[in-house]
Amino acid sequence: MAKSTKKAGAGAPADPKLQDLQANTESGQDQFLTTNHGLKINDDQNSLKAGDRGPSLLEDFILREKITHFDHERIPERIVHARGSAAHGFFQVYESMASYTKAGFLQDPSVKTPVFVRFSTVAGSRGSTDLARDVRGFAVKFYTEEGNFDLVGNNMPVFFIQDAVKFPDLIHAVKPEPDNEIPQAASAHDTFWDFISLMPESAHMIMWVMSDRAIPRSLRMMEGFGVHTFRLVNAQNEACFVKFHWKPLLGVHSVAWDEAQKISGKDPDFHRRDLWEAIANGDFPEWELGVQIIPEQDEHKYPFDLLDPTKLIPEELVPVQRVGKLTLNRNPDNFFAETEQVAFHVGNIVPGIDFTNDPLMQGRLFSYTDTQLIRLGGPNFHEIPINRPVAPVHNNQRDGHMRQTINTGRTSYHPNSLGGGCPFQAKMAEGGFTSYTERIDAHKVRQRSKSFFDHFSQATLFYNSQSDAEKNHLTDALSFELGKVETVAIRERMLGILFHIDKGLASAVAYNLGLPVPKHETILNHSIPADGDPQAFQPVHVKPYLDKSAPLSMANTSKDSIKTRKVAILAADGVDAAALTTVVNALTAQGAVPEIIAPRLGSITAENKEEIPVRRSLLTVASVLYDAVYVPGGTNSVASIAADPDAIHFLNEAWRHCKAIAFDEAARQVLEATYFARKVPANPDAATQLETGLILSANADELAKTFIAAIAMHRFWEREKPQKVPA
Ligand code: HDD
């Protein structure tokens, strides 16, 4: 892996969080090896023994210190979101949002607020694959001048359950089964679908998790969502509701499921590596912050409840305003110290932002601090460098394991007179936080509002909004997952839920499972209190208020760039250097990353005797790690590639995963060695080439132009079913 870029660029204003972290960074460069107590070590190779063949001595404090520290290196992994990758960066608002919020970091476009962002999968362990079919966490810590604001979101805008009290059940169901701890990082097993099939409120989220959103091409190509409805409060104490969005500037893109499974074997760190390398190469990932603002008086205007986390607000009803930009520009120095020890908390807010009564959010407000106590070992985790705010901290909280701060003075209570009354409470005008004074007049009940009982309308809206290819993927994903479920009754129950989302979808999945299409129209909600009347808990059916919502389909995402796309070039000795250089230069000029792959490492000798360095050998790579493939001409190179089974497999697989593939006309022999040669016209014109993603040209400039347009399309999903090849 390339080394991390340390600075945001010459002349960039000092990042206050970077300065803060500097006090805790260490480098052994040009230094002596020491014990933890600063004693220089003379021999780190041999323990102290009674004779050179005798037993080690208890006296050996150097040995004991080293082994003891090693024995205690591990901490518990996160109960969810254990597998993650993170980066530093900054956020800048485009223009003041003062009319909506008094939050300081949303006022001044010239202010760069430092951030630390951690992406994660949910179900897998720390060492599990990046390419699991799963929700992705998207957690942003803003180090604002008014304290830390954590936006702890996901790459999907809704959630499985409506009440936090069900969260442990959901997670127990999706995690590996408790008797044998199988399967790792996968929802395709009985306990998950058992729970889901009894929990109709998860129907909408299930559509998202079974869609390609669950297998992103890159963490840099995912949307992010705050999920809950939050509240913004301005300086006049006027509030509005808000939904937060992150919109990636590279668009939203995913891989194929077959590809995801293969990446999990070839490079389980695929997303982590991609994020690291992009930042190290100066291709800084960027997202725009989007807000959907809902005036307070519109709280009950919609046919769904704003407090229900299984609902989104279609962008057609409330447009997303893009209000600022997040840029990630620095890799962490140390994975454990930063990425592992960072502690997010939904409850970390700043004046101008507030919570709502979403019952999922309310439970989260408890869980995040609580979990850090066990994970990070005590109440002082806020002092760990990555967690401490850049805003000053003064209070009367004291002591506890691993306390770092040396609080001075006699008083650790408030009010006091001995300490001059310090630290003072801050008035609102001085930035003191006050909770929004929402009026609540209610009975204390364990109940769920009837306005939370529509479980299907947005699941159907999501399904209807997908392209044909995306619908196929949903059918395949559900068939795969339920196909792995052993208990037929669970499969049947799930078909019953799908029937309420879309009858065609239910029939297609039922066909694949070899089961009859469910006939019944009613569904019993099993998630009800012991004394509840099942009929009273029937999900309600709401009249569709929208046929389709365009932003829900990734087919409508931006497809205008090949920046950071990885392009494999299959070449061997005798390659046509002129064609190769033309295409490489054209791709590089557009920000893509071409890599020459040859049967072996070292260099290849071109037809004109030029020595061309090889980036990877066929032994260590696979097509699933690339976005597109190019095969240049050159008689001997073409003959070698055409005769190399690994190279032909590479091409067939790239075709199967619907990627753009380009051949020099002089490399037609390679094309003819593939399975897909017979699926495409022998001499496609430019329009056909762009339609199929198969580019064939004798002119390297023309080839490069069409190839670049094709790579920007991301994938040619249309050819997936009709032109599938073995690979
Ligand atoms: Fe959570 C971690 C996102 C519901 C309890 N959650 C965690 C992380 C993300 C989310 C991104 C990883 C943070 C990191 O990188 O360290 N969680 C969500 C979203 C939810 C959600 C978007 C629904 C809208 N979570 C949720 C509920 C509960 C939790 C309902 C409990 C009642 N989540 C936790 C936790 C974790 C966590 C157990 C594990 C590690 C951690 O907090 O720091 O407290």
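Just so you know, glycine gets a Cβ as well, placed from its N, Cα and C.
Not measured: the values here are computed from a predicted model.
Record features (TrEMBL):
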ACT_SITE  HIS81  active site
ACT_SITE  ASN154  active site
BINDING   ARG78, ARG118, PHE167, ARG364, TYR368, ARG375  heme binding site
DOMAIN    34-422  domain 'Catalase core'
REGION    1-28  region 'Disordered'
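For the heme site, whose annotated binding residues are ARG78, ARG118, PHE167, ARG364, TYR368, ARG375, the maximal Cα to Cα separation is 21 Å. In this structure, the recorded positions ARG78, HIS81, ARG118, ARG364, ARG375 were compared by how many other Cβ atoms lie within 10 Å of their Cβ, and the smallest count belongs to ARG375.
A 10 Å cutoff on Cβ-Cβ distances gives PHE167 (heme binding site) a total of 18 other Cβ atoms nearby, all chains included. Annotation: ASN154 carries the greatest number of neighbouring Cβ atoms among the recorded positions ASN154, TYR368 [cut-off 10 Å, Cβ to Cβ].
A Cα-Cα distance of 11 Å separates ARG118 (heme binding site) from ASN154 (active site). The average pLDDT the prediction assigns to the domain 'Catalase core' (34-422) is 98. Between the C-alpha atoms of ARG375 (heme binding site) and HIS81 (active site), the distance comes to 13 Å. Mapped onto three states, the DSSP output places ARG375 (heme binding site) in helix. A coil conformation is recorded for HIS81 (active site) in the three-state DSSP classification, outside any helix or strand. Rounded to a whole number, the C-alpha distance linking ARG78 (heme binding site) with ASN154 (active site) is 16 angstrom. Here the Cα atom of HIS81 (active site) is found 14 Å from that of ARG364 (heme binding site).
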